[in-house]
């Protein structure tokens with residue numbers, strides 16, 4: 001790829017960032033489509049995020065992806081949020097239109113799309129959702145919008161717990177889905193929720209390096225063959241949770257599905273063009 005002075009810059013702001021496959025995936029897609037953009041990753045934490053957004057405007061960047069730990073904070077630095085992003089309370093995509101910043105969340109649509117592409121119909125189903133960060137709440141919100149009957153959200157009593165309660169209230173007030181929030185330390189409630197669940201989704205970083213030997217499911221007998229287990233983590237590709245699920249006879253969806261579909265939507269938001277899906281799946285080895 002020969003970058004010229006006509007190229008526009010798209011970023012990814014997160015910390016840590018060096019594990020991300022998004023720059024490789026997006027640049028392969030941009031090159032295949034012959035579009036004058038280049039995508040770069042920047043290590044940006046909460047403290048440096050405000051300055052990074054000012055830099056985005058000053059450099060007239062086309063936009064940026066936003067990942068941990070900035071997804072919720074980023075909502076405060078855009079001029080407009082989509083209705084779904086307001087429901088989530090977090091964004092993973094910023095589009096810069098001549099200094100006017102629009103915030104989107106493609107995590108939820110990407111993950112739910114991956115589930116649908118597997119042939120699973122979420123309408124009327126119950127999901128056990130682990131975590132209350134930006135990715136997890138995006139998945140929950142989009143699932144509620146698209147027909148989930150119930151979401152049982154489990155999170156530790158950490159800094160995200162009150163945010164989880166606020167998220168549940170927003171979804172309960174604006175959709176037909178019923179969301180409850182329970183402390184993950186209540187293992188009896190967790191076991192009962194899994195017994196009646198159709199989907200278990202990990203929206204936390206547990207399972208991602210350096211936590212690759214950990215899972216929030218402490219007892220594999222809680223997983224049953226009728227359960228669909230989905231993962232947001234893609235590094236490593238096969239997390240401990242997915243290994244447990246396969247041993248228990250569950251159908252599984254790895255983190256590549258969400259990465260691919262959320263990235264495809266981001267690509268279109270930034271460029272206005274279709275994402276070369278099959279090409280990217282092939283060159284990135286997704287689904288192989």
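Cβ atoms here come from the backbone N, Cα and C positions, even for glycine.
These features come from Swiss-Prot:
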- 71, 107: substrate binding site (BINDING)
- 132, 133, 134, 135, 155, 156, 157, 158, 205, 232, 233, 234, 235, 255: NAD(+) binding site (BINDING)
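Cα spacing between residue 205 (NAD(+) binding site) and residue 71 (substrate binding site): 14 Å, rounded to the nearest whole number.
Proximity to residue 107 (substrate binding site), defined by a C-alpha to C-alpha distance within 10 angstroms, is shown by the following binding-site residues from 134, 157, 235: 134.
Around residue 157 (NAD(+) binding site), taking its Cβ as the centre, 11 other Cβ atoms fall within 10 Å, counting all chains. Distances between the Cα of residue 71 (substrate binding site) and those of the binding-site residues 132, 134, 155, 157, 233 are shortest for 134. Among the binding-site residues 155, 235, the residue whose Cβ has the fewest other Cβ atoms within 10 Å is 235. Each of the binding-site residues 132, 233 was scored by the number of other CB atoms within 10 Å of its CB, and the largest score is that of 132. Residue 134 (NAD(+) binding site) falls within a helical segment according to DSSP. In the three-state DSSP scheme, residue 71 (substrate binding site) is classed as coil. Annotation for residue 134 (NAD(+) binding site): same-chain Cβ neighbours under 8 Å, separated by at least 6 residues, are 68, 71, 72, 88, 90, 91, 92, 105, 107. In this structure, 205 is the one among the binding-site residues 71, 107, 205 with the smallest number of other Cβ atoms inside 10 Å of its Cβ.
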